[in-house]
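**Q** To start, I am sharing the structure in question, which I have written as structure tokens.
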Amino acid sequence: MSEFWHKLGCCVVEKPQPKKRRRRIDRTMIGEPMNFVHLTHIGSGEMGAGDGLAMTGAVQEQMRSKGNRDRPWSNSRAL
């Protein structure tokens, strides 16, 4: 009888869940931008060492004034 329970125990073992594979994205799945609006251009010299942080605030202010966005720009991330 113990042989029966041993064999039954081998069949009842919990099987690990299969890992979900992430779908790979290729370029055919990506379309053109829908609501792209070019607000400003920042050159590498404009974000220089001296006034880089002050310039960042000015750019954010300019971006805020460009359009009535539903989502306000976040200032929570420090540079």
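Just so it is clear, glycine is given a Cβ too, placed from its N, Cα and C backbone atoms.
According to Swiss-Prot, the record shows the following:
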COMPBIAS  63-72  compositional bias 'Basic and acidic residues'
DOMAIN    30-43  domain 'CRIB'
LIPID     C10  S-palmitoyl cysteine
LIPID     C11  S-palmitoyl cysteine
REGION    48-79  region 'Disordered'
**Q** So what's the mean pLDDT when you look at the domain 'CRIB' (30-43)?
**A** 80
**Q** From the DSSP assignment alone, can you count helix, strand and coil residues within the domain 'CRIB' (30-43)?
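**A** Each residue of the domain 'CRIB' (30-43) counted once, the result is 0 helix, 0 strand, 14 coil.
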